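Student: The structure that follows is given in the form of structure tokens.
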Amino acid sequence: MRVVAAMSGGVDSAVAAARAKEAGHDVTGVHLALSRNPASYRSGARGCCTIEDSNDARRAADVIGIPFYVWDLSAEFHEDVVTDFMDEYAAGRTPNPCLRCNERIKFAAVLDRARALGFDAVATGHYADLRPGSGASEGLVELHRAADAAKDQSYVLGVLDQDQLRHALFPLAGTPKPEVRREAAARGLLVADKPDSHDICFVADGDNAGWLAEKIGDRSPQPSGEWGGDIVDDATGEVLGHHTGTYGYTIGQRRGLRIGRPAPDGKPRFVLDIEPVSGTVRVGPREGLRIDGLSGIRPRWCDAPPEPDVPLRCTVQLRAHGAEHAAVLTVLDASPDGSVAVELLEPAEGIAPGQAAVFYDGTRVVGSATIATTRRAA
Amino acid sequence: MAGSRRTLVRAMPAYLDHAATSPLRPQARDALLAHLGATGNPASLHGAGRDARRVLEESRESVAESLDCRPSEVVFTSGGTESDNLALKGAYRARRAADPARRRVLVSAVEHHAVLHAAAWLEQREDARVELLPVDAEGRVLTDALEAALVGDDVAVVSVMWANNETGVIQPVERLAALCRAHDVPFHTDAVQAVGAVPVSFADSGVDLLTATAHKVGGPHGVGVLLVRRGVQVAPLLHGGGQERDLRSGTVGVPSIAGLAAAYEIAVKEQAGAALRLEALRDRLVEGVRAVVPGVVVHGAGADRLPGIANLGFGGCEGDSLLMLLDAQGVEVSTGSACSAGVPQPSHVLLAMGIGEQEAREALRVSLGHSSSDVDVDAFLAAIGPAVERAGAARRVRR
């Protein structure tokens, strides 16, 4: 196959590209320029697609022996990922931009462009496993968790549909990360020791609140026209404090609430709810974070969509690197604009609307939905 | 690219990017190799030094003959970018020091970034006022604009290239130089693309400062010249031993300079014949493209152009998509424009000609030189049709 290897400049995508070539594919390395103003040097923990990253990717392509180009996806990334991220926070939700990037950029804008240019697939350094389907998904491609549970990235790929997965390659599949680093060193790739990236790529220094304050601080909703809103006790309705923007809060957050008085019972208080229209942040005891059900919108199915209205026993993961919860999934409408209902057999804590619920059947990814509402456990 | 040798070499790619760099000519290679093993610093006073000095000065005399100037007007540098910086900054500083009222710097809007960014630096750090001289739709600098801008006796230096590196459009340098002379303003021209492609006579041109480099005409990389007319004041950038006319310090690379001189000698000697040959090749290429892609546009076609360059616009295609697809077929061309962090930017040259940003991203520069042949043109013509089809499809999937 003719394959575009998306190369970030990190070790995972470099080894993935090398493996794709070794598997006999005709591989072209492509670094995605996602920032409109690439910084020359990495700032703090990790900046966004710096010139240094681009050079690292180029040198890796040289060593592997594949052609290399930079594709400018900055306009698409800004519109589909960065703007969406800001809008979601402004609406009081907690988005995951990595899923969005996979859905709209890597396996949409990049894949579409690659296919038009005569390529057959896009290879990335994600830790996830693609397997031929069986049973209901006979003839289809199934997405499974990576064998290395610590590195598994199937959660951020749960938004991909069958057409996208059929044109995807994840050459790292089940390889443990230390082995990937050893292999990179053995292949002479200078990025073998490069630190992992953890933060959101376009937020410098991992300072999410600071970044949001700068970008959407002036969009903070308040009927009075003033910035910010009240921090309210969820049980009594008592105003406990004031804040300068709901974007600085996420459900389950405990630190940085800056409430002067301790709770009467002396227990810590958590953000339980965010009301973007009034700008109200509701806080309360930890028990208030427990949810036992949720509704989801924008469902995506990796292989065969489940039957509507037929309750399906599965597990659900509600945040990146989060635990799996036993659940019953009921598809109300399987279409991309449809909806799902999820009963959690094991309650979950601190789940925010906007995050993705990714459904698993064993190691197989069934699909995903964006959490719209949650139901507090009685 | 160091690592590319191992795996990326394809069987005889069609190299159509001479405006970026041109393959080393055999004469230049011979001259380089003849001096690579020699010991001797041309500034040394002993026999080895004298030997090196002799090669250096013979090369200087050879360059003077090739470019029709005096040997004493030849300053060897590390290449075009250094020569442009030395000319712009050096002339500005010298002229400004002599007459503080002279703080305007006039450069054409289609200059190479070595000139544009040097001028911008002067504006940001040294109180210069930079004005971009406009060009017409064919990319020619408007002489009236220069004439109007020179009124006031407050211009420190003017820089307009001899021929453009993206379109090949030739500027009216002799008229521009004459206008500057009448106002006692030093005139610099970047002739990096012109030397060897069209006749270049420093003496006849009336130009005060002229930039040229070796590697665009088949000489080695990392060596160039700035011609400085006698009596023109230029402040140095590099301070030290003052090896080159007290204007440029640093021990010069004698073998490279010998290679430069040899490349200029053969390029200038063959210029007239090569121009006819390359123009015919280029025109065949353009006609061939037109047969496959009837809508192709040739930017700057209405102006006098260098014989070996064609800047082609393919409506509905990204230039960088075309470049990648042609590269995969062993056809090596350029979009002509600069990259920012590896991301192609729309060409400032085409934008200055009044072309829209989208159309500017659709450009591909094909440039031929001494090693180009019908085989290269045939390879381009065989590959361009399918590439345009694919690149057009790739554009259409973009939202």
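Using the three backbone atoms N, Cα and C, a Cβ is placed for every residue, glycine included.
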Student: Using only what TrEMBL says about ATP binding by A:Ala6, A:Met7, A:Ser8, A:Gly9, A:Gly10, A:Val11, A:Asp12, A:Ser13, A:Gly125, identify which of A:Leu32, A:Leu34, A:Leu140, A:Leu143 is listed for that site too.
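Tutor: Answer, per TrEMBL (ATP site with A:Ala6, A:Met7, A:Ser8, A:Gly9, A:Gly10, A:Val11, A:Asp12, A:Ser13, A:Gly125), from A:Leu32, A:Leu34, A:Leu140, A:Leu143: A:Leu32.
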Student: Could you state the whole-number distance in Å separating the C-alpha atoms of A:Ala6 (ATP binding site) and A:Cys101 (active site, nucleophile)?
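Tutor: Distance (Cα to Cα, whole Å): 13 Å.
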Student: Validating a neighbour-count step here. Other CB atoms within 10 A of the CB of A:Cys201 (active site, cysteine persulfide intermediate): how many?
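Tutor: Result for A:Cys201 (active site, cysteine persulfide intermediate): 20 other Cβ atoms within 10 Å.
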Student: In DSSP terms, helix, strand or coil for A:Ala6 (ATP binding site)?
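Tutor: It is in a strand.
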Student: Give me the DSSP three-state residue breakdown of the domain 'tRNA-specific 2-thiouridylase MnmA-like central' (A:228-284), ordered helix, strand, coil.
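Tutor: Counts, helix then strand then coil: 3 helix, 21 strand, 33 coil.
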Student: At its widest, how many Å does the recorded ATP site span between Cα atoms of A:Ala6, A:Met7, A:Ser8, A:Gly9, A:Gly10, A:Val11, A:Asp12, A:Ser13, A:Leu32, A:Gly125?
Tutor: 15
Student: Among the recorded positions A:Ala6, A:Leu32, A:Cys101, point out the residue whose Cβ has the most other Cβ atoms within 10 Å, with all shown protein chains included in the count.
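Tutor: Neighbour-count leader: A:Cys101.
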Student: I'm trying to understand the geometry here, so how far is the Cα atom of A:Cys201 (active site, cysteine persulfide intermediate) from the Cα atom of A:Gln355 (site 'Interaction with tRNA'), in Å to the nearest whole number?
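Tutor: A:Gln355 (site 'Interaction with tRNA') has its Cα 18 Å from the Cα of A:Cys201 (active site, cysteine persulfide intermediate).
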